[in-house]
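**Student:** What TrEMBL shows for this protein is this:
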TRANSMEM  B:16-42  transmembrane segment
TRANSMEM  B:63-91  transmembrane segment
DOMAIN    B:66-272  domain 'ABC transmembrane type-1'
TRANSMEM  B:103-124  transmembrane segment
TRANSMEM  B:136-154  transmembrane segment
TRANSMEM  B:182-202  transmembrane segment
TRANSMEM  B:209-225  transmembrane segment
TRANSMEM  B:250-275  transmembrane segment
């Protein structure tokens, strides 16, 4: 498509929950510093696929993955890969805001602390930077020691983004990050994604097609465990190649 | 009579029945308390708390008994809590959900219902005889530890289960290891519940006489134990001993000792309730 570097690439990914074949031979490549949206009806495998990129499915009993995921050209499913190291490079934001039951500050610095960083000044600086990036600093700067659970849903989700950014990943996975939020908070998250794209490669799962249209550069349509079509977002929405894609985006099913 | 009138009568009837059931429990408890208090309260004074047991009821005190109870409390906590909490964490956070795991789970729950005297016999054979500890505080505490371990394990697991899965995922997603996630996120979030459970288990241990009698705790100990290897007695045994004497004065002593034992259990339960409420206020998922 353009001369940008390939950041993430899936090669022949098959995944199974026990006997259920959840992902069927998926090949896709995502360029550096772009936003890719995964769309498709519920149960089509898009969230499962997203969680393949930071190996969050590893904890599910009976889950099995075949194929390769290349992050900067290296297979993250290779035997010698340390999962915790991988997740420092591939951050994740979940569907439902899930702040830790600790202070705002402790939430943001958690990722750094577990890496062994203990210098107070450096931690405070990193926290401020991450909260700025997540457009939350101005709202919480006077209450950093307040419980994160006291924040509104939208603020909690931006805190979760700040928490993910604090450890400086290069990829950010977002699993329907705005589906539990009100329209104003959603708009803030979308605005944020626009800004974050300058530094991060972002993959976002969304049920909201307008949202996919607003935030993403390319869009991938999943149906029944298959990747039906992956192209520039504009192309997908105006001139889809596959009949199923067209039916879905015009609202004929899903 | 219409259907809805009938339903309303049933509703009312059950309410009345429920109040009646609750009152039965309360009335007996109140009768017990009043009886004990009226008999024993006057007997409690400084001398009673600080005197050694004696053949003469009026000079007898519960110093050795409550000192023994305190020793047992502390030793049992030190043995049972680290073991029980670690086992609970392992079972809940580390094991895969296999058939073996559910088999273990059922059996641990069953262990919590085994009569305490059985634990006493086990303690007698293993700790007192095989391991040669004699009828010491340590043997007693280890026996009671066996008794409360299932309770500690089960409540630890329940408290860990109450921590949302999303907290663990959030921690893993930031590159935390299982140990870091458990130690830094899950355990602190479950701390209140675990603490409540272990304190409740202690208040059970404090009231036990049977297993300690079997282990060989003495009815008459003329000294305050100064090390875990010493022989000992505890409040329930002292009470049992006094109630089996023919002289009426000893019954008064028993009533006074019961008040002290009740005080300790109420105190423990009170702390547990306080901690639980505090935790509930702090963390609302």
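A Cβ is built for glycine as well, from the same backbone N, Cα and C atoms used for every other residue.
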**Student:** Excluding the flanking five residues on each side, which residues at least 6 beyond the ends of the transmembrane segment (B:250-275) place their CB within less than 8 Å of a CB in that stretch?
**Tutor:** 33, 35-37, 39-41, 43-44, 48-49, 57, 60, 62, 65-66, 69, 192, 195-196, 199-200, 202-203, 206-207, 235-236, 238-239, 242-243
**Student:** State, in range form, which of B:16-42, B:182-202, B:209-225 has the highest count of Cβ pairs under 8 Å to the transmembrane segment (B:136-154).
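**Tutor:** The stretch with the most close Cβ contacts to the transmembrane segment (B:136-154) is B:209-225.
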**Student:** Between the stretches B:16-42, B:63-91, B:209-225, which one has more Cβ pairs under 8 Å with the transmembrane segment (B:182-202) than any other?
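**Tutor:** By Cβ pairs under 8 Å, B:63-91 leads among B:16-42, B:63-91, B:209-225.
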**Student:** Who are the long-range neighbours of the transmembrane segment (B:16-42) in its own chain, taking Cβ under 8 Å and residues 6 or more past its ends?
**Tutor:** 251-259, 262
**Student:** Cβ under 8 Å, sequence separation of at least 6 from the ends of the transmembrane segment (B:209-225): give me the contacting residues as numbers and ranges.
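**Tutor:** Contacts with the transmembrane segment (B:209-225): 52-53, 63-64, 67-68, 71-72, 116-117, 119-121, 123-124, 127-128, 134-135, 137, 139-140, 143-144, 147, 231-234, 236-241.
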